[in-house]
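Everything on this sheet refers to the single structure shown next.
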Number of protein chains: 4
Amino acid sequence: MPAKPMTYWNYIKVEELLALQSGLEGEDTMRNDEVMFVVVHQIDELWFKLALRELVLIRDLFAQRHVAEQSLSSAVRGLRRTVLLFGQVASHFALMETLTTRDYLAFRDKLYPASGFQSAQLREIEIIMGLQSADRIPLGHETYLRALQNPDGSPSPASRRVQARLEDLPSLRVALDEWLYRTPIDGSLPDDIGDEEHVRGVAEGFIEAHAREIDRNRQRAMSEALTPEDRERLDARYLREAESTRAFLLAEDLPEDTSADERSRRARIRAALLFIESYRELPLLAWPREVIDSIVALEQAFVIFRQRHARMVERVIGRRTGTGGSAGVEYLDQTALKYRVFRDVWAVRTLLLRQSALPELQNPSYYGFVAADDDTNA
Amino acid sequence: MPAKPMTYWNYIKVEELLALQSGLEGEDTMRNDEVMFVVVHQIDELWFKLALRELVLIRDLFAQRHVAEQSLSSAVRGLRRTVLLFGQVASHFALMETLTTRDYLAFRDKLYPASGFQSAQLREIEIIMGLQSADRIPLGHETYLRALQNPDGSPSPASRRVQARLEDLPSLRVALDEWLYRTPIDGSLPDDIGDEEHVRGVAEGFIEAHAREIDRNRQRAMSEALTPEDRERLDARYLREAESTRAFLLAEDLPEDTSADERSRRARIRAALLFIESYRELPLLAWPREVIDSIVALEQAFVIFRQRHARMVERVIGRRTGTGGSAGVEYLDQTALKYRVFRDVWAVRTLLLRQSALPELQNPSYYGFVAADDDTNA
Amino acid sequence: MPAKPMTYWNYIKVEELLALQSGLEGEDTMRNDEVMFVVVHQIDELWFKLALRELVLIRDLFAQRHVAEQSLSSAVRGLRRTVLLFGQVASHFALMETLTTRDYLAFRDKLYPASGFQSAQLREIEIIMGLQSADRIPLGHETYLRALQNPDGSPSPASRRVQARLEDLPSLRVALDEWLYRTPIDGSLPDDIGDEEHVRGVAEGFIEAHAREIDRNRQRAMSEALTPEDRERLDARYLREAESTRAFLLAEDLPEDTSADERSRRARIRAALLFIESYRELPLLAWPREVIDSIVALEQAFVIFRQRHARMVERVIGRRTGTGGSAGVEYLDQTALKYRVFRDVWAVRTLLLRQSALPELQNPSYYGFVAADDDTNA
Amino acid sequence: MPAKPMTYWNYIKVEELLALQSGLEGEDTMRNDEVMFVVVHQIDELWFKLALRELVLIRDLFAQRHVAEQSLSSAVRGLRRTVLLFGQVASHFALMETLTTRDYLAFRDKLYPASGFQSAQLREIEIIMGLQSADRIPLGHETYLRALQNPDGSPSPASRRVQARLEDLPSLRVALDEWLYRTPIDGSLPDDIGDEEHVRGVAEGFIEAHAREIDRNRQRAMSEALTPEDRERLDARYLREAESTRAFLLAEDLPEDTSADERSRRARIRAALLFIESYRELPLLAWPREVIDSIVALEQAFVIFRQRHARMVERVIGRRTGTGGSAGVEYLDQTALKYRVFRDVWAVRTLLLRQSALPELQNPSYYGFVAADDDTNA
């Protein structure tokens, strides 16, 4: 027996969907402003759901013991889609700003003490990306987990979602680090004999090249400095820059009690990031490089969303205390500045060199195509 | 007894909402591509709901026998919000384009014969705006109403919605015409003695000014025309332009069997549009002019949405036949070009004159503020 | 003799324009990345020029002793255009981000010590809006004016532009304050007898209404607070809010040495802002209210531009020191958070009340249309 | 001797740039509206210049006899940048719409007979992409080349630019075809013995798979068709679809007088497009597939720009005749619908199959990485 023919309204569940905007008191008594307020938050949640699904899939991909090269382009596609999703959410703020302060106040009281901070999925996105609880800025007097529970402290659908996500390991950041750790660096793999020395050699080569660039800039700046104080200041700055580059690439900036193994692992991850970004023309590195670039775009899109959120709140309600009790605008702006998940990825950008200043590779052919030596040109 | 404290998840109905993306077979077996496909359509429906609510409210406002001047700024706010809503919907297409042809085909078959043409709310928006059934381009072999019914021809939730909307009169276009009809034109109201002659005088004054402008342009073009054929062609074109302006403003372009009353009514509406746009600096006309401008922006935003829709379909599925049996891209592009609701509003743009060429008014003080003659300046 | 017929290339000066992208060394040796870098900055300057022209025109309008009501809609149009202009500039950052770090570094050295901080027009925009020199965050070791001079300290085209703008008074903020000061508040003008008491009465009425709202919120929050500490904290917060509202509206927050006149003037300006936003339905207030809303949109658009700028710099060059010697990303983020020109406009948003909590007016008819009492409805 | 230190104003040529907005009569007498009109066109030209440089570079790349795989990611980057550039130009229309009809008319007369159709660079972009002169829609009574000359018919800077571009061969379309022609199809290259049969076999395999899909859809649709007429209509449609797929892939749709060689060449190009899109997971095809996708995005962005252009013109001036004598809005809308450069790329989208319906390959390993068989995972 054939299934009933499909209809748009069954597939999209239109009627069920359009019955969910009744807020507290029923849609008939709600003004358009409030219905819009409800709908925009619902749409945010729908975008968040998609973003979460993409992030989980990408995390699963990198969490494998072996990541097939062929799958990287699909990871990149997923990351780019997530960037677009964050962009969609950010674009709602202009719409929300059609709500004037006075008109928002007409129904704001009813919401107390509910708050956008109670969006479980937004917290889940932070968690799956890899934001650590210790890095969170406290939200008023209570923890973010408490804010997600029912007012009486019992578990809520929101707190249950977040709790489950906290246990859904690894985060994308950790999975990506694992994958980065296994990058062949100038032809050497972690299990290869002598890999640690080889990688150290690559890092030292880069550190030297970097120092040469810095010295070049220093000399130029010096020739134009007008006073001895200027020269001293410049000298000190460039010295600091060279030292911090070395410390970062050799992982000497980690806490003192870091084990030698962990330090060496971290150094390899950072060397891999630098290697991928610096030699991106090698065929085997082209997609890893797109992965890194998409990760930067992902975190950037999230920060842009946070800052745009702060601007909307500032415009619609000013600097008053949020319904959830937070400091509102300032809290949002601070999370935008302080929350960074992929710190090493960002840090590496500060070290990159122009192409002509890069050390030469020993094993570029390792990164080629089977068909590359033929005179083919697909 | 105090009500239970509000939570975000109860107010937004997060859990109910996130349970609606199971499509046909349950979410667990769906790939991200399909979930995104479902979610984007759900979000479209949510934006459409808001747009409909705004359009109904604005229609209600203009459908009153007396429209308070104070309420015009809120009508403008509603229209501008609707423009933003259409913009949101249009912005989803870039996201939808992250779905590649091949990946869309992986689940497309299941949808047959469902189709986006079965969105009741999109049809409702067209209806409440004032699109007339006779102006619709046929969708394959069946009427748009048939496409909204169940496959067996019985009424569906979609067809019931559209049926109800067809009976929800007047449309915004008709309500707006009523309001425009009552515009004081150079101080004269429809019920004033001699109004028809007065309005005709204003129209004739404009027609003359318009003819002078055309003649000015004609002479300039003539002086630069190189051949007698060019001159003839120019002469003919400018003559045609002058004649069609006259015919339009005196409503002589209506079908022959139009009653004199209806012709005079239409002429007054067109004169009102011209008057409002031409003398927009008069305080009493400032908001009506924003209304007209927002109506233009509304219809434009809808056309932009239609054309962007066609571009997405062309990109994702090419020129193949739609799941609903339509000619796909071409149908969408044709609706964008042919569907225009506020035809007189658009037509007036083609006639407007630069400010210095406008006839002078007899009664500008009619359109002022109580406090305007004082040297106040709020 | 007739003028030569106009051509696009003469009017737009296409050839002259397309000859200006040779950078330092001539276009032939420049890579596309660098040409794009030059062009984007040129386009920024062109948008800035338009923004400056709009801001000057709006400033001139409000700097008049009498601002005709009819001209407010054109001021609003100018402000909205400027908002779009800032949006255009912000939209370039996504394009600039197609420049990878490594490729930017290929030509970055040549630019030293030039820097985007040397854009005179951006400084002029800040100055004409009303940013005060004392509020600027120092840019490294030198003043912003020094950065605009030639490297040897002599005046440059940039420093001359900024110097001239510093003398081009008043700023938009000051001109707007003058206009706000003259707002009729519940029918009373500054020169009217008893105006100061009248305005004070309106302010006190609002302060009382505000206190009632706060108390309402306080009681609600108290009933849900769980611990005595929570209750104490809430009590303190709401008390603080009531006090700061009073201080702000009576201008008691100004420095101690402020003259009574200046304090009364400031109180009147703040009352006017509150009055316009609270009673925006009154016909005479409809456009002033759009002015205020557009000012908020203007400053917001500028902050959004600043934050997006910081994100682009962070993405392309990371946290390295700027070519001009600044701390780069952090400096940009700090200016976004700290620079606010229209502080009173923003502060008032934090005080607004929902419509039903507002005190009633004594003289609403003062704000009507001449034609309003007739049963007309243009 | 060291060079003079660089300044922003010298590098960007700020002063020269800001001196170019004087239009016809000098900036002092121009209103902001007209200065904006000039500046927006100047900025369009600057974006066009960048787009042209990118397109030329990409064309040069594909015009090589051997295109290194490593260079494809840079071609994709260039194409994506061009898409963003077209997006920037399209975003100006919202700004242009702040110009009201009446205010545009205040200076429009002066422009006659100049026109945006005289933008040489826009024509150059069409030419370098590969639009053929024969495909152009006539612009009124004169050729597009005549419109670019001086009014007296002598060569102008614009006509000289376009003439030079017409001689700058090949177009991107032609260069891309050359590159596509050389694609290894299931491991076979054009010069390989038996390549023609091999490619024909791949095409036939696809044609069969395609026919199976069509039959599947046909049967499904038949089971739900209600009347014999419906069934006949469906039968005919699906038959037509199968036949046109076969004709397209075997290049049987070319004009009768096409040589066998040319027919076989065209069939190979189309097979290559189909092959790349269908088996995009193969490492060697990942970047070619991004190239194809970016070409689609490029042409789409151009069409979106054209349609948005039509909407702006319709809004600002209505349906009146353009200053250059064209039919304005309708002409613009027609070019958007009719001008397509990469027709085969678009046509292939209509044929693609879902992954599980694709024939299996014989030589997938041909498309792998050197390092792929190791258990590495960069």
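Placement of Cβ uses the backbone N, Cα and C atoms for every residue, glycine included.
Bear in mind that TrEMBL entries carry predicted annotations, made automatically and left uncurated.
Residues or ranges marked as substrate binding site by TrEMBL: C:PHE37, C:VAL38, C:VAL39, C:VAL40, C:HIS41, C:TYR104, C:ARG108, C:THR323. Annotated heme binding site per TrEMBL: C:HIS309, in sequence order.
Contact annotation for chain D: of the listed binding-site residues (C:PHE37, C:VAL38, C:VAL39, C:HIS41), C:VAL38, C:VAL39, C:HIS41 place their CB atoms under 8 A from a CB atom of that chain. In this set, none of the binding-site residues among C:PHE37, C:VAL38, C:VAL40, C:TYR104, C:ARG108, C:HIS309 has a C-beta falling under 8 Å from a C-beta of chain B.
A 10 Å cutoff on Cβ-Cβ distances gives C:ARG108 (substrate binding site) a total of 18 other Cβ atoms nearby, all chains included. Counting every protein chain shown, 21 other Cβ atoms lie within 10 Å of the Cβ of C:VAL40 (substrate binding site). In the structure shown, across all protein chains, C:PHE37 is the one of the binding-site residues C:PHE37, C:TYR104 with the greatest number of other Cβ atoms within 10 Å. Under the DSSP three-state reduction, C:HIS309 (heme binding site) is assigned to helix. Sequence-distant neighbours of C:VAL39 (substrate binding site) (same chain, 6+ residues apart, CB-CB distance under 8 A): C:GLN21. Within its own chain, C:HIS41 (substrate binding site) has C:GLY116, C:SER119 as residues 6 or more apart in sequence whose C-beta sits under 8 angstroms from its own.
For the pair C:TYR104 (substrate binding site) and C:HIS309 (heme binding site), the C-alpha distance works out to 16 angstrom. Long-range Cβ contacts of C:HIS309 (heme binding site) within its own chain (separation 6+, distance under 8 Å): C:ALA90, C:PHE93, C:LEU332.
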